[in-house]
2 protein chains.
Amino acid sequence: MAKPLILVSNDDGITSRGIKKLVELMKQLGEVIVVAPDSPQSGMGHAITVGDTLRIKENRLFGEEVRSYECSGTPADCVKLAKHHILKDRKPDLVVSGINHGSNSSISVLYSGTMSAAIEAAIEGTPAIGYSLCDYDPDAEMDHVDEYLLKVAQEVLDKGIPKGIALNVNFPASQSQKIKGIKVCRQANARWEEDFDQRVDPNGRKYFWMVGNFVNHDKGEDNDEWAIANNYVSVVPCQFDLTGHHAIRVLNDEWDI
Amino acid sequence: MAKPLILVSNDDGITSRGIKKLVELMKQLGEVIVVAPDSPQSGMGHAITVGDTLRIKENRLFGEEVRSYECSGTPADCVKLAKHHILKDRKPDLVVSGINHGSNSSISVLYSGTMSAAIEAAIEGTPAIGYSLCDYDPDAEMDHVDEYLLKVAQEVLDKGIPKGIALNVNFPASQSQKIKGIKVCRQANARWEEDFDQRVDPNGRKYFWMVGNFVNHDKGEDNDEWAIANNYVSVVPCQFDLTGHHAIRVLNDEWDI
């Protein structure tokens, strides 16, 4: 039987340590092809390139046996280009994105380029997983994730994912205790409260840096923030049908239309 | 009683016709302030500016009585800057985004900068509406939307929106028949199938334009694509908790973790 074909992308850019680690692990499970941004794309959300051109360039960043392409676009662009141009003859069996240097749990899933690559694949019906490490240090220790990262990917290759879903997987940062296991969770009710650090440039003009403070309003124990804080790997099944079905009834009852 | 404060943004940029129309209409309902991108941001999804600076500049594009700011960032950045810097002392009662020149129905909501501004506001608990006209012509006729656009905004000002929800409103393009009314809908099961138009630049290097073909798989009559095709204004309540709750049970049952 042919080995599964695994497409790897990310949002930190093709030279980041996280994608190198992800490629090394995926080589244990199948044939790997990489299509990833040529520059960092953190915070790009589900952006796509609509008013500009795209370029791709083949490279050998992951050794002679791995086909690899850097792309000028966003993570979602990379998946579209991979599926509809580079891989025209054979669709991937699995799309993985990451390992992101930083958390994509709770509300951060909306801003996440990592997850947009996974969701883009899921829209087209390919099983897909976004992996993130809750440590923003680009040199962070990562070896503690290997066992759990492979476990989730193998389960998905064996059993698939429900239709209309991509998985958002977050790993606790490395610490002295071993990870306790994997928890399937809901997205925590948390958000970023922004502050703006105002400065003056050398020409005397004002500019700002956005500074986010994470605020967790969720007291439950069935959500991703709880899982990560308690040293579990969190797995949130994310859907791309955003309809709030409960609200349809409310609006139809209350509105005079 | 003080007039409601209405924050207006968009993704086509502060000089587009759609935002001018939206400001004119909102002036009938309250005090208007504009914070919008200084350049087109279509397809930006829920992107935010994390690794770069932001600039804002006050202008008088909408007359002397409307405070207005152009911002170097994305639509989501504009809402964050408005709420946490420009409007520090008084929060808006309503955030509206648009009128987008082009549809943001069904799956396009994910790629939509227009809707990211509305969803960003909803995350922070402010009632929010994204408005889009299903006509990509920047000079498209728009006056047929006035009555329905105001109606939706007034209902929201009067009755609010369920927590965790922003409204995605799409108007049919102008045509000979009058719009039939407003339908509260679910997001249609449709997607874009991409093709890549490959060209060669004057230096002999390949580049691509992404070309999307919209494919509607949905046979139902309770979704936004059906509503628009049948000359209704579609209103989809969109949530930002992406959890696919049904899938949590499936994964817990099937996975060996």
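Cβ atoms here come from the backbone N, Cα and C positions, even for glycine.
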Matching residue for the divalent metal cation site, where TrEMBL names B:D11, B:D12, B:N100 - out of B:S39, B:S42, B:S68, B:S72: B:S42
Listed in sequence order, residues not in B:D11, B:D12, B:S42, B:N100 with Cβ within 8 Å of the centre of the divalent metal cation site Cβ atoms: B:N10, B:G13, B:S16, B:G18, B:P40, B:Q41, B:P75, B:G98, B:H101, B:G102, B:S112, B:G113, B:T114
Distant-in-sequence Cβ neighbours of B:N100 (divalent metal cation binding site), under 8 Å, six or more positions away: B:N10, B:D11, B:D12, B:G18, B:S42, B:S112, B:T114, B:G130, B:Y131, B:S132, B:L133
Per DSSP, three-state class assigned to B:D12 (divalent metal cation binding site): coil
Within the predicted model, mean pLDDT of the domain 'Survival protein SurE-like phosphatase/nucleotidase' (B:6-194): 95
Which of B:D11, B:D12, the listed binding-site residues, has fewest other Cβ atoms within 10 Å: B:D12
Binding-site residues near chain A, Cβ-Cβ under 8 Å, from B:D11, B:D12, B:S42, B:N100: B:S42
